[in-house]
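Engineer: There's a structure below that I have some questions on.
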């Protein structure tokens, strides 16, 4: 080989390496450049949310989610899909529920609270038996006797009003308590036609959108030639604020769920022990502006918008919990008091945020039209909560139902300001009530958003280090 050829080959190698570095640097800079600045339809900037979440909210909300009151969620994962015959499953075999056998469930939960506090938590053998069920998409229903017995008492603190969600009947034999800490939201392998059908139904039929308008990157939509989605956003910008907000909430929820899957991805499995962690390739596939034709940054901005909406709801509902009559009751007086103190501390932080979304800008037209639009808004969202029963993966269904109910509870709060202001200090109110399930869903859903924003910061660092 001649010297000239060798020099040419070496030069090409250097050029390729330089091009790779430039590409990675460009990717990082584009992601950061496009997911920044002031959000549409509000006066808040992304950097302020990042700092507020990192230093004030995330550490406290994570701690709150570990408390008994907030870690147990009752859900019916056996409700049939009301819209189509669902036959989709996770691509991983363990993406279904494997609850503990009936014989392993402590008798206290079935016999009421007659033997309350008399038994210790599940012994080691029971825990080992149930841990076999906690794999990938499987739901682990392991609970302590004391926790299960306390749930019956919690029920008497609950009441309800009109909802933005289709709530599960907690009295149904199919409803079961799930320990959320034993069932973290993460990648299960659930994907393909079944998953796309769920999101397609949500976007195409429940976002105030005519069938002639298609959202970008929809694999179930007909080919649109050179249309890169601009026609969709032209249509979206022409909508009233309320309908734009609705779409952004759904898109933000979708983005948050996708971030959780990217951040807790099955990296490898050795001798039956899975290893979970962030997957940069999956993150780029879902959010890189080049790979998503500009959609990724829009989705992430909608995540921040959703965070603002739920943050605002927490600040507005604080007076409900500040009353002495409201207890976060589990039966452990000392822990209950500590949990309420922590929750009130979080509420104080939410009220201190200076750039809240102004919900009064919504449904502010003539009373008749505003009332009709608000009801349409509520029914559309309620229908979306029903679609969550069509998710083929039980773990995905669990977290989908919880986060949908959490957002529905946030909307209920934002549109009940007058009722909250009139709450009596020392007696229950018929004007506004939250069930325990709504409270658990609200705080855990916001915790998921807080985690998503934290995960996004981590991915930015990983992209920077990969240059």
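Cβ coordinates are placed from backbone N, Cα and C, and glycine is handled just like the others.
Since this is a predicted model, take the numbers as computed values, not measurements.
Per Swiss-Prot, signal peptide is recorded for 1-33. Taken from Swiss-Prot, the feature disulfide bond covers 81-390, 90-130, 90-95, 100-262, 207-240, 393-396, and the record attributes it to experimental evidence. The N-linked glycosylation site feature in Swiss-Prot is assigned to 122, 140, 145, 383. Taken from Swiss-Prot, the feature FAD binding site applies to 186, 188, 199, 251, 254, 286, 299, supported by similarity to another entry.
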Engineer: Using Cβ atoms only, which residues of the same chain lie under 8 Å from residue 81 (disulfide bond) while being at least 6 residues apart in sequence?
Structural biologist: 389, 390
Engineer: Per 10 Å Cβ neighbour count, which of the disulfide-bonded residues 207, 393 ranks highest?
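Structural biologist: Of 207, 393, the one with the most crowded Cβ is 393.
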Engineer: Rounded to the nearest Å, what's the C-alpha distance separating residue 396 (disulfide bond) and residue 251 (FAD binding site)? Just drop the number here, would you?
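Structural biologist: Per the Cα atoms, residue 396 (disulfide bond) and residue 251 (FAD binding site) stand 17 Å apart.
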Engineer: Write down the Cα-Cα distance for residue 251 (FAD binding site) and residue 207 (disulfide bond), rounded and given in Å.
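Structural biologist: For residue 207 (disulfide bond) versus residue 251 (FAD binding site), the Cα atoms are 10 Å apart.
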Engineer: Rounding to the nearest whole angstrom, report the longest C-alpha distance spanning 186, 188, 199, 251, 254, 286, 299, listed for FAD.
Structural biologist: 22
Engineer: Write out the long-range same-chain contacts of residue 299 (FAD binding site), meaning residues 6 or more apart in sequence whose Cβ is under 8 Å from its Cβ.
Structural biologist: 251, 252, 254, 255, 258, 286, 287, 292
Engineer: Considering only the recorded positions 186, 188, 199, 262, 383, which residue has the minimal Cα-Cα separation from residue 393 (disulfide bond)?
Structural biologist: 188
Engineer: Which of these recorded positions is closest to residue 199 (FAD binding site) if you go by CA atoms: 240, 262, 383?
Structural biologist: 383
Engineer: If I take the alpha carbons of residue 186 (FAD binding site) and residue 262 (disulfide bond), what is the distance between them in whole Å?
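Structural biologist: On Cα coordinates alone, these residues lie 8 Å apart.
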Engineer: Could you give the Cα-Cα distance between residue 383 (N-linked glycosylation site) and residue 262 (disulfide bond), in whole Å?
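Structural biologist: That comes out at 27 Å between the alpha carbons.
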Engineer: State which of the following disulfide-bonded residues has the fewest other Cβ atoms within 10 Å around its Cβ: 240, 390, 396.
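Structural biologist: 240, out of the disulfide-bonded residues 240, 390, 396, has the fewest neighbouring Cβ atoms within 10 Å.
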Engineer: If we count other C-beta atoms within 10 Å, could you say which of the recorded positions 188, 251, 383 has the fewest?
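Structural biologist: 383, out of the recorded positions 188, 251, 383, has the fewest neighbouring Cβ atoms within 10 Å.
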Engineer: What number of additional C-beta atoms lies within 10 angstroms of the C-beta atom of residue 262 (disulfide bond)?
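Structural biologist: Around the Cβ of residue 262 (disulfide bond), 24 other Cβ atoms lie within 10 Å.
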Engineer: So if I draw a 10 Å sphere around the Cβ of residue 254 (FAD binding site), how many other Cβ atoms end up inside it?
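Structural biologist: There are 18 of them.
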Engineer: Between residue 262 (disulfide bond) and residue 188 (FAD binding site), what is the CA-CA distance rounded to a whole number of Å?
Structural biologist: 11
